[in-house]
Each structure stands twice: as structure tokens, then as C-alpha cells.
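Participant: My questions all concern the structure below.
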Amino acid sequence: MDLATLLFWIFAVIMVGAALLVVGLRDIVHSALALVVVFAMAAGVYVLLDAEFIAIVQILIYVGAVTILVLFALMLTRIEGQRHTNPTNKLWPVAAVICVAIGAVIVYAFSESKHAVSTTIAASDVVKQLPNNVVRIGQLLYSPTNYSYVLPFEIASLVLLVAIVGAIVIGRED
Amino acid sequence: MHLTLEHVLVLGAVLFCIGLYGAITKRNAIAVLMSIEIMLNAVNITMVGFSYFDTVKLYSQHLTGQIFAIFIITVAAAEAAVALAMVIAIYRKRATVDVGEIDMMKW
Amino acid sequence: MLYQLSWTILFAPLLAFAVIIFGTRVWDLRSRPKVALPAAEHGHGEHHTDDHDTHAVTDEHGHGGHSEQDEDDDPHVPQLSAGAKASAYAALVIMALACIYSWVLLFSTVLHPADLAAAGKEVFAYNWLSVGGLNYIVGFHLDRLGIAMMVVVTTITFLVQFYSQGYMENSAGYARFYAYLSLFAFSMLVIVFAENFLVIFCGWELVGLSSYLLIGFWINKRAKPEEQRPSPASANLQAFIMNRIGDVGFILGIMILFVNTGSFDFIAVQHGVVHMDKTLLGIAMILVFCGAMGKSAQFPLHTWLPSAMEGPTPVSALIHAATMVAAGVYMIARTSPLFATAAPFAWEVVASIGAFTAFFAATIALVQSDFKRVLAFSTISQLGYMFVGLGVAGPEYGVGPGMFHLFTHAFFKALLFLGAGSVLHGLHHAMHKEVQDVRLMGGLASKMPITAATWLIAVLAISGFPGFSGFYSKEEIIGLALEQGHPVIYALTLATAGLTAFYMLRAFILAFGGKGGKFMGLWGGPYRGYGEVKESPLYMTIPLMLLVIPSVLAGYWTGFYQYVNVSAENVANLSIPALFQATDTWIGVIVSLVGLGFAWFLYGRVDLVKINQVVQSNAALRTIHRILFNRYYVDDLYNWIVKYVVLGLAALAQAFDRYIVDGIVNGVASGVTGTGSGIRRLETGRVQSYMIGFFGGVAVLAVVFVVLITTVWK
């Protein structure tokens, strides 16, 4: 077992545990903190998978922005005198069965797939010789002439603009 | 034992199912949103995993999976902003964030 | 070229119709004074002026010499506008040109028969629709039979239009009337020119529509139950529906022919039916004849024709002489090669129904007191003759005798009706109300000499008095019935000839003569109405005088049989010397003379009141009179059938519809509603229960998929 695999396992176990805490804790603020752990571990996994840029973005946006947003929302929607701020409804047994079934089928599908990827070897050596990950993604996102994602990128910026306006319109007090 | 695609995919699947469970069962609207964030992250991990273990990458140098992940993060951020604004608006109107009580969309 | 351009005759009346409807009539309506709403203070609340003219309303009464008691239901204008007059002139000029053209065609084909092939010539064809191998062609063709008919149609229409200038004076619907007359002529010409069954059927329905519009021209007029007269609005409906009944047969007949020959074209069908089963063809032709029965008012579909008398009298003249009822006879003549090919019973049915109708209608006409209704029944009777003529002629004579009677009858029947119109017009001006009852006439000959003289000539013509046109056409038919071995038909037609002579002279004497008149009551006598009756204006008397010419002379066209012959073989022509030498001709003449003499003797010398007293005092005579007067109760029978059978079935159907059909539909609906209100409880409005549904479905599908790929698809 090499170092990468070991780290992956550590990250994965912490991540799944934190995710379970997110859905399991009774206090929603604790859940939100567990969510931070999930996001951070995901960033670690991205680093292992040679996606440094995404790992950084993950930290910035999820751990930084989204978590703060969630915490602000929690603060603004606090209900006085409520002890269990993160309750569960009566559907949980059904939901559990459904989730286990879906998860099992997904895992089964991996193992039975004709494109079974067990033999796939990480091409990390090759990747190392390429321009680094951030440069590559920048080229893909911004190159006006080559094969690139300029148009979707611009559209994404538009989506963000609309989301900003929408959030302000919806959230403001009239 | 090397790190393989299966590892990543199973991690993504497990996270997705946990997020799904939370989205279905949590009564607090913000908890539902957090669960959805977990699901989105699970998908991102899967995407990046596919990108990393892409056998064609040698020739095409495509980082399509990572690009996807970037867009998902973008949209997820937008979604989080709008959804939380909605939760706050609903809270102002009805003084609750319980999803079970928000049932205007029937009949 | 002369023949090729003959389609202009067909479209000329349509042009006139369009010009009037879109041009001059609009001008007419625009020029009328604008009054807010129809005047309700006139006592007749539902009176409007012209039918659709909501923006131009005129005073209905108190104009043009009509007093306030005037019961006329035809709204009037004080003065015809320039637009109205222009409408009449447009229709007249166009119809005059068409008339001249058709006479040119007639003389041209008579003088140079070789110019136009016997089979005719296609003058207009438009491929309307091609489906599979079938072409539905709007085609018109010209042949001699068509030319003969065309001459009748255009001439009579022109004269009727000319005459209407007097008869319809100051009518608010003047322009509309001319538009309808033009449309009527166009419709009939479509039938005349038709090249195939589809086109003839279109013309057939167009004629129905035009007659509907014209019979109901006086839409405001009400029914007069005391005179057994329906309102025009119901009379035109009756005409329309009666014709539909016949048309069902017509369509079925066309369908049978089409299925068996694969074509609508007359000539193609004619070639195709040779291989058809003779009995089936006979049935098809009888079905086609059903259409003719409706249009030509043969028993049992005759009741609409007397009701159609509610239309303006010029319309009656047009319907009875040229356009409507002639269509049936013409159509049978047009399809006569098919009848000839069919089993013999087809012609026998035609002849038998014709003979029966002739006799049946003649007996009814004996006692009618309504002036126009006598003429209506005489038309039905004469149409019966035409069908007898077509039915019994056989290959030696072809369609000649039947068509010949149509030809001559058109002129003298137009004369009779226009003369009757002249009488009614005069009485209307004298009594300020619509009078059609002969009991209010009498002695009019000295007051309206031109009308009376022309009418007398027409009476002699229709009675078959030797030398007049009716004699040649009718005696020939009666003679043929005997010659071709139909003794019953011969007896019926012969008796009808006597009855015809009797009731026509009776009508004449009741209107124009009476006890105390000159020539043993024939000319002049006591007038039973009131008011000052004057001769009609020249507009009306000129057509009468013109119609006298063909009423007398049309019978001398001895080449007619061969002229209108549509079969391949030559046919015998009318031979006047042979006709005069035949014994049965003289028997017919004697019967007619007896009828004439009896009528003259009875009504010229005995007062009408006294005759009625005698009839009423004798039980047998009274019963017969009542039966005949009520037209054998056929109308009442139809009313009874409609009231109890048709409406009963309708009530049954309605009940079925309401309780069973609606029950099923409503049951389904309430079932759906119930299920829906049950199911809607599943719609909690909570997003998480929807997620359960969605992801539960995904899970089930995923599990099913896995099970399938592991077991079945492996």
C-alpha cells in the first residue's frame, strides 16, 4: 500500500464519517461544522487525484463561502427554545432502504461493467510531464481559438450574475 | 494495493447515498441543502476520479472531468446562494424552516 | 368556337349574382334612409324590412298606394333606389345575352347538325382532385339535349326576370330577388352542362339551395292555417327536406354506379354498366330516380311543391317551368342510356310512378280553390306525363317524348304562372291583401283582357287542344303508352288528360269568367271580390304575350326527338300527319274536349255557390270533395308520421343518449373524478415525499435492471 492509497483511505473514512455526522447530529450547527470537514477531506482527495486547482477552489468556495453562507442562514433562521435543531422525519426507514439499494446498485454496476477499471493504472507519471494542472485548466477555459470552454465559462458567469440578483431579490425584506 | 478508480467511485457512491438520505429525511431546510451539497461533492469526486484515471488522457490531454467539476462548483455556489435566500424568505413569511410544513405546492 | 365558348352561358348568371350581391345590392342598401330599428308599432311585431338589412330599414306600409289594412307581408320601399334598378338591369342584360347565345346555339345546331357531334363536346374542365387513379373533374359539356334545355332555362328566366320588374315593384328585397333568380338560373345550368354525376349533384344541391332561398323569399309572411297555407319559412324548409329524402336515393344510386364502373363520368359510366348485373343496375337507376322524384315532385315526395306556392309567383313560374322540377326529368333523360341498359323494370317503375302521380295530382287539382295550388298540382300531373313519356318510349323514341313535353310544358306553364301572378297582382292592388282564393275572383276577363286571353291559350295548350303545343307532346305520350303495351298507364294518362282539361278550364272560368259572362260564361261575369281591378303593367303583360308564341308553336318542331337523342341509334321523329291519323289521338282529343266542355258547361252556367251547395248536400260527393280537397290527407299523414314516428324515435334516441351514452360518459367522468380525489391525497405538497417517489422509482428500476442483467440477459 503506497502513500497515496493510505492517504486516500484516511480521507475517505473521515469524509464518510463526517458526512454521516452531517445527517446524524441533532444540532444543526454541529452538522454544519461536520460539513466543513467533508468539504476539506474532499479537497484532500482532489489533491491525491492531481486536481490541485479544484482542491484550492474547493477550499475557497465550499469551506470558505458556502459554509459561511450556511452558518449565516442558520443564524438568521434560528427558532428560540428549539433543542433539536436538526430533526429527522418519519420517512427515514424508507429513505434508508432506497439509499442502500441505490448505492448497492451503483457499486454492483462498477464491478460488473465491461469497462471495468480495476486494471486502470494512474497515469501520474505522464501527467507530471505536462504543464501543471492550473495552467492546463486555464488554457482549456480561456483559449479563444483552440478547443476550449470559453462559451460555457461565460455562461457560468451569467448564471452567477443571475443567482446574485435572484438571491438579493428573494432574500430582501420588503 | 494501488489507488484505483474503484476506490474513488465507491467513495462517491457512498457519499451520494448519505447525501440522498439526508435530503429525504432532514426536516430542517438548511440541513436538506447541506445534504445536497454532499451529493454534489460526491459527484465532483467521481468526475475528478474519471479525469485522473482517463486512459485517453495521454493523447488528448483533456481534463474534461475537472472542467465539469469546476462548473458544478460554480452552479452549486449559485444554487446555495439562491436556496438559502429562499429559506430566509420562507422563514420570514412562515416563521419556520421545516420542510414538512412547507406544502403550498399541492392541488 | 361558337360551341367551345358556351360555358359563358353557364357562368353568366353567376356573374350577375356576384355583381348584384357584391355591387349593386350594397349600393341599394347604402342608399336607403337610415332608421334606428324596425318599427314595432306596426302591429306585426316580428316584421323587419329586408332580411339582413339591419342598417337600412324602411317603412313597410302606407306607401305606393297601400292602405293601412294592407296585409302584405312583403316589406316595401316607397321608391326603388338606383342600386335596386341597376341590380335588375344587370341581371336582365346578362340573362338576355345568355338567352340570345343559347338561341344561336339552338339554331346553329338545328341548321348544321354536323357542327356539333351527337356525343357533345367538353367545353370546360377543371381537375379538381386526383386521388389514386381517380380524377374528380369539374367538367361541363355541351350537347343537343343540353342546348334544348338551356334554351328553356335562359328564355324562361329572362322572361321571369323581365316580368318581376312589375311584380316585385317597390319590394324592399328587389335586388336580393334578382340575385337569387340569377343564382337559380346558374344552378340549373350547372345541371344542364354537367358532364358527370358529381357535377350534376352539385348543381342539384345548388338548385335546392336557390329554391330554398326563393320560396322563403318573404321571410316575414306568416302561415295562414285557415287557407291551409304554411309560412314561406316553413315551406322552403319542407321543399329542402323533401328533396334531401330523394337525394339520399340519388347518392346511393351514384355510389352503386361508381362502385361498379369506377367513374362518375356519364359516358364512362355508360360504357361501364354494360358489364354490370342488370338487376343491380335497375336498382341503382331506381335510386337515381328517387332523386328525380324529390326534385320533380313525384308521389310520394310531391307535397313540397304545393307548399312552394308560398314563394313569389315569378319564382313559382321559374320552379315549375324551367329550373327546379325540370331538373329531375332532365336528369333522367341524361341518364336514359343507363336505364335502357338496365333491367326493364327500371323504366317501368319510372312510367308507373309518373302515371300514378299524373292521375293522383289531377284529381286533387279538381277541387282546389287556391288559384296557384291548382297550377301546382297541374305541374305535378304534367311532370308525371313526362316520366311516363321517358318510361314508355323505348329505344324507338328515346328521350324525345318526355323531353318534348318538358319543352312545351315549360312555355305554357310559365305562361300560366305568370298570368296567375298578373291576376294576383291585380287583386292585390284592388283588395290590398294577398288573395289567391278563386272564390274571391270571377269575371276578371273583362278587367284584365290580355292576361285572360293569354291564359286561355295556355289552358288550351295544357289541355291538349289540337293545334296547340301541348297537344303534340301529350297525345304522343298517351299514344305511346298504348302502343308500347301499357294499358293501365294508358288508361290513367287518358283519364288525366280529361281531368286536366276540366280543372284547367274550371280554374280559368272561376277566375276570369262565371255565370253571366260572354260566350256562355267563359269571358267576364260577376266579380266576387271587391275593389277596382286593373290590367297589369306592360312589364308583366309583355312576357305573357311573348310566351304565347312558343306555347302554340313549340309543338311544331317535329325534329325534336332526333335533336335531343342521346342514344347511339337514330330515333323516330314526331310525325304530325301520323298523329292526326291515329285513332287513339282522337280518343284523347275527345276526352280532353269532354273535360273542357264539362267544365265550361258546369262553371260557365252555374254559380259557384250553388255548385258548392250541391256538393255539400250529397254525402258521397261531400266525402270525395273533402278527401280531394285535403289532398288525400298525404300532408296530414306526413305530419302524423313526423309527429309520432319520427319524433317518437327521436325521443327514444334522446333517452338512449341521455341515459346510456351520457350515463357511460358521466360514469367514466365521475369515476375519474373519484379516483382523482382519492389519488390527490398522495400529493402532499411536501418535496421530500416527492423525492421518495422519485428515488424509490429509481431504486426499483435499478434493482429490476440488475436482476434482469444477472438472470435474463446474461
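Heads up, the Cβ atoms here are built off N, Cα and C, so glycines get one too.
TrEMBL lists C:39-77 with the feature region 'Disordered'. Among the features that TrEMBL reports, compositional bias 'Basic and acidic residues' is placed at C:41-68. As annotated by TrEMBL, transmembrane segment applies to C:88-111, C:123-139, C:175-192, C:279-301, C:313-333, C:345-367, C:374-394, C:406-427, C:448-468, C:488-512, C:538-558, C:690-713 (among others). Among the features that TrEMBL reports, domain 'NADH:quinone oxidoreductase/Mrp antiporter transmembrane' is placed at C:194-500.
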Participant: May I ask which of the stretches C:88-111, C:313-333, C:406-427, C:448-468, C:488-512 has the most CB pairs under 8 A with the transmembrane segment (C:345-367)?
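Facilitator: By Cβ pairs under 8 Å, C:488-512 leads among C:88-111, C:313-333, C:406-427, C:448-468, C:488-512.
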Participant: Taking pairs 6 or more apart in sequence, does the count of Cβ pairs under 8 Å between the transmembrane segment (C:175-192) and the transmembrane segment (C:406-427) hit 3 or more?
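Facilitator: No, the stretches stay apart by this measure.
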Participant: By a Cβ-Cβ criterion of under 8 Å, what residues six or more beyond either terminus of the transmembrane segment (C:488-512) are in contact with it?
Facilitator: 351-352, 355-356, 358-359, 362-363, 365-366, 368, 371, 374-375, 377-378, 381-382, 384-385, 388, 392, 423, 438-439, 441-445, 448, 451-452, 455-456, 459, 462-465, 474, 477-478, 481-482, 521-524, 584, 587-588, 591-596, 598-600, 602-604, 608
Participant: For the transmembrane segment (C:313-333) and the transmembrane segment (C:406-427), check the count of CB pairs under 8 Å (sequence separation 6 or more) and say whether it reaches 3 or more.
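Facilitator: Result for the transmembrane segment (C:313-333) with the transmembrane segment (C:406-427) is yes.
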Participant: Would you kindly check C:88-111, C:374-394, C:406-427, C:448-468 and say which stretch has the most C-beta pairs under 8 angstroms to the transmembrane segment (C:538-558)?
Facilitator: C:406-427
Participant: Excluding the flanking five residues on each side, which residues at least 6 beyond the ends of the transmembrane segment (C:279-301) place their CB within less than 8 Å of a CB in that stretch?
Facilitator: 204, 207-208, 242-254, 256-257, 260, 273, 324-329, 331-332, 335, 338-339, 341-346, 349-350, 353-354, 356-357, 360-361, 379-380, 383-384, 386-387, 634
Participant: Among C:88-111, C:374-394, C:448-468, which stretch has the highest count of C-beta pairs below 8 Å with the transmembrane segment (C:406-427)?
Facilitator: C:448-468
Participant: Could you tell me what the rest of the chain brings near the transmembrane segment (C:374-394), counting residues at least six beyond its ends with Cβ under 8 Å?
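Facilitator: Those are 292, 296-299, 302, 305-306, 308-309, 316, 320, 325, 328-329, 332-333, 336, 339, 347-362, 364-365, 368, 400-406, 409, 413, 416-417, 420, 438, 462, 473-474, 476-477, 480-481, 484, 486, 489, 493, 496, 499-500, 503-504, 507, in sequence order.
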